[in-house]
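According to Swiss-Prot, the protein carries these features:
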{"type": "ACT_SITE", "residues": "32", "note": "active site, nucleophile"}
{"type": "ACT_SITE", "residues": "35", "note": "active site, nucleophile"}
{"type": "DISULFID", "residues": "32-35", "note": "disulfide bond"}
{"type": "DOMAIN", "residues": "3-106", "note": "domain 'Thioredoxin'"}
{"type": "MOD_RES", "residues": "3", "note": "N6-acetyllysine"}
{"type": "MOD_RES", "residues": "39", "note": "N6-acetyllysine"}
{"type": "MOD_RES", "residues": "62", "note": "S-nitrosocysteine"}
{"type": "MOD_RES", "residues": "69", "note": "S-nitrosocysteine"}
{"type": "MOD_RES", "residues": "73", "note": "S-nitrosocysteine"}
{"type": "MOD_RES", "residues": "95", "note": "N6-acetyllysine"}
{"type": "SITE", "residues": "26", "note": "site 'Deprotonates C-terminal active site Cys'"}
{"type": "SITE", "residues": "33", "note": "site 'Contributes to redox potential value'"}
{"type": "SITE", "residues": "34", "note": "site 'Contributes to redox potential value'"}
């Protein structure tokens, strides 16, 4: 399951609640073509990797979160571990790289 993040507080709470689990965050926008293309794949990964937390942040709805995380383009995927420490990031709708990065970190 992918959790939709609606606020900066909700983002921080989700990172805190994850504990030692890997958190994968998809920063996207409704108007972004590549974001729309990779969204179903991102959701399928959430079913496949049940021990990983998947979050979605709409950069238009949560500009403060996107700004704090220094998101410059969409889609951007960020990976967090252990109490919100960022351990990886890449931009672009690259399915293979997304799954490979999860496998490296999990």
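Numbers here mean position along the shown chain, with the first residue as 1.
Any Cβ shown, glycine's included, is placed from N, Cα and C.
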Of the residues in the domain 'Thioredoxin' (3-106), how many are helix, strand and coil by DSSP?
44 helix, 28 strand, 32 coil
Of 3, 62, 73, 95, which is closest to residue 32 (active site, nucleophile) if I measure between C-alpha atoms? They're all modified residues.
73
Express the distance between the Cα positions of residue 3 (N6-acetyllysine) and residue 73 (S-nitrosocysteine) as a whole number of Å.
21
If you measure C-alpha to C-alpha, which of 26, 62, 69, 95 (recorded positions) come within 10 angstroms of residue 35 (active site, nucleophile)?
26
Could you say which of the recorded positions 32, 62, 73 has its Cβ with the most other Cβ atoms inside 10 Å?
62
In Å, rounded, how far does the Cα of residue 34 (site 'Contributes to redox potential value') sit from the Cα of residue 69 (S-nitrosocysteine)?
20
Rounded Cα distance in angstrom between residue 73 (S-nitrosocysteine) and residue 26 (site 'Deprotonates C-terminal active site Cys') is 11
I need the CA-to-CA distance for residue 33 (site 'Contributes to redox potential value') versus residue 69 (S-nitrosocysteine), whole Å please.
22
Cα-Cα, residue 69 (S-nitrosocysteine) versus residue 26 (site 'Deprotonates C-terminal active site Cys'), nearest Å, comes out at 12
Rounded to the nearest Å - Cα separation of residue 26 (site 'Deprotonates C-terminal active site Cys') and residue 95 (N6-acetyllysine):
12
Under 8 Å between C-beta atoms and at least six apart in sequence, can you list the same-chain neighbours of residue 95 (N6-acetyllysine), or say none if there are none?
38, 41
